[in-house]
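Asks: Structure below; questions to follow.
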Amino acid sequence: MEFFLKHITWFLCIMVLLPVLCTSQDAFVSSRATYYGSPDCYGTPTGACGFGEYGRKINDGQVTAVSRLWRNGTGCGACYQVRCKVPQHCSSDGVTAVVTDYGEGDRTDFIFSARAYAKLATNPASSAVLFASGVVEIEYRRIPCKFSGYNIVFKVHEHSKYPHYLAIVIQNVAGINDITAVEVWQEDCQQWRPMRRAYGAVWDLPTPPMGSLSLRFQVSGSAEVKWVQANKVIPADWKAGAAYQSDIQLT
């Protein structure tokens, strides 16, 4: 009888909690959104995440600046589904936008590139109406980023100075994953050296180890926190501005 009651209790707990968990992950949050202009309607290469040209054209230029979702730069690279709330003008799917910049507006959570903002609408005429309004009521939720066929890339930031100062940006982070720490292997000391989050998605280290570099980064996802290691992913003669592809894909 005791065995039966324990299993009934466990089953009831699951039945009660499961809808709550599913709803919390899929629920939309209400807010407002606006847009910023650019000559070609893409994002900006000078975004606060430090993505450079990658941040301008990633996701076909459907990118956004955020403020409350910035999370001290941890929010860089996150993907959101955003839908506006004007039924006669807004599409049911809305836009999937990637965070590449920081920006504050008039009680807005998103400041879109023009290409992303236009995707909120059902057609060009409705898009013109949304642009004319300047700010729209929206609802949003975080969704997995998808970079089908693309592995994690370690980009050596242009401000790096070989061999005295190394700064990197990790690109193509798929899934609902945040990079919360990065470390470099110091072979002569046989230990991992932590890198500093300089700003946005840029991690740096003065006097990096000589030789080819192995990195590991801490991933905080929807299910767990884990370390992912990339062995000798950056060559000994690394160059500022160069991008080095790994064999790693996140989901």
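Here the Cβ of each residue, glycine as well, is placed from N, Cα and C on the backbone.
According to TrEMBL, the protein carries these features:
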SIGNAL    1-24  signal peptide
DOMAIN    46-150  domain 'Expansin-like EG45'
DOMAIN    164-246  domain 'Expansin-like CBD'
Asks: Report the mean pLDDT of the predicted model across the domain 'Expansin-like EG45' (46-150), rounded to a whole number.
Replies: 96
Asks: By DSSP, how many residues in the domain 'Expansin-like CBD' (164-246) are helix, how many strand, and how many coil?
Replies: 0 helix, 53 strand, 30 coil
